[in-house]
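As recorded in TrEMBL:
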type	residues	note
BINDING	LEU62, GLU67	substrate binding site
BINDING	ARG151, MET152, GLY153, MET154, GLY155, GLY156, GLY157, PHE158, TYR159	ATP binding site
Amino acid sequence: MSGLSKPFPSDSPDPRRQLRQELRRRRRALTPNQQRNAARALCRRLRQLPEIRRARRVALYLPNDGEIDPSPLIAWLKDRSVRIYLPVLKPLSSNSLWFVHYHRGTPMVRNRFGIPEPDTQHGAHRARRLPTWALDLILLPLVGFDDQGQRMGMGGGFYDRSLAFTRRPGPRPRLLGLAHECQRVEQLPVAPWDVPLDAIVSDARIIRP
Ligand SMILES: Nc1nc2c(c(=O)[nH]1)N(C=O)[C@@H](CNc1ccc(C(=O)N[C@@H](CCC(=O)O)C(=O)O)cc1)CN2
Ligand SMILES: Nc1ncnc2c1ncn2[C@@H]1O[C@H](COP(=O)(O)OP(=O)(O)OP(=O)(O)O)[C@@H](O)[C@H]1O
């Protein structure tokens, strides 16, 4: 690897990586009871937001690694005839995401990180995939956030790559980042590829940048 593409010399630890580890450790330390209460408080807040009340097509995620759980919303969304989508790792290591319709009976497989996702090996998947610009709303899992509305993810750049188009004019989904309140930090560094969010919602607050 050339020295230029390396953000930090290999003999000094990357501070972003250390912070990510610490924030992931915090959310994994939450008890099942704390997780359940946080998910309820989060979903109560989300149900009040215009972004979600207006949406017909919503992408969410199945929680992993202690992430705050948006799945209590699923029944409410279905009652409103909202179509639900899940992120799927795009094959051929482009490190970006597809969004695939998720319903009762969707065949699921575990991706390379062990997270269940709709099985795109099945012939029907093309029809169930929606171009990302056509979603009304994406709920993104966050590892960290700050009061300015900046976010940090798992570090793969999957969401950033998949949402880079939102900086250009044209139709685009609203973006809400979701996190536990314990993932809030004073200030996160901003990277040039970081896609701005419309809001961040935790179990304790809503931040609109
Ligand atoms: N629930 C959920 N689904 C999601 C994401 C997410 O963050 N949360 N993603 C958001 O991008 C995508 C998957 N991205 C991920 C990126 C890294 C790791 C992860 O655990 N990395 C390990 C290293 C694992 C390995 O390389 O074998 C680690 O950092 O410890 C997991 C998911 C799509 N689906
Ligand atoms: N639009 C993009 N095009 C190419 N590479 C990108 C893009 N966005 C991010 N990346 C790369 O992805 C890597 C991870 O980015 P970063 O640490 O910001 O991830 P993250 O925001 O925590 O993850 P995620 O977006 O999956 O939630 C960076 O090294 C960056 O170079």
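Think of each number as a place in line: the chain as shown, counted from 1.
The backbone N, Cα and C atoms fix where each Cβ goes, and this holds for glycine too.
Taking the features listed in TrEMBL, we show where each one sits on the structure.
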residue: LEU62; record: substrate binding site; Cβ within 10 Å: 16
residue: GLU67; record: substrate binding site; Cβ within 10 Å: 23
residue: ARG151; record: ATP binding site; Cβ within 10 Å: 26
residue: GLY153; record: ATP binding site; Cβ within 10 Å: 17
residue: GLY155; record: ATP binding site; Cβ within 10 Å: 13
residue: GLY157; record: ATP binding site; Cβ within 10 Å: 15
residue: TYR159; record: ATP binding site; Cβ within 10 Å: 24
Neighbourhood of ligand 2 - binding-site residues from LEU62, GLY153, TYR159 with Cβ under 6 Å:
GLY153, TYR159
Roughly how many Å lie between the Cα atoms of GLY153 (ATP binding site) and GLU67 (substrate binding site), rounded to a whole value?
11
Integer Cα-Cα distance in angstrom, GLY157 (ATP binding site) to LEU62 (substrate binding site):
18
Using DSSP and collapsing to three states, where does TYR159 (ATP binding site) fall: helix, strand or coil?
helix
Starting from the Cβ centroid of ARG151, MET152, GLY153, MET154, GLY155, GLY156, GLY157, PHE158, TYR159, which together make up the recorded ATP site, report each further residue of the same chain whose Cβ lies within 8 Å of that point, ordered by sequence.
VAL143, ASP160
Just the number: how many Å between the Cα atoms of LEU62 (substrate binding site) and GLY155 (ATP binding site)?
18
Between GLY155 (ATP binding site) and GLU67 (substrate binding site), what is the CA-CA distance rounded to a whole number of Å?
15
Would you mind reading off the Cα separation of TYR159 (ATP binding site) from GLU67 (substrate binding site), to the nearest angstrom?
16
Helix, strand or coil by DSSP: which one applies to ARG151 (ATP binding site)?
strand
Please report the distance from the Cα of GLU67 (substrate binding site) to the Cα of ARG151 (ATP binding site), rounded to the nearest angstrom.
14
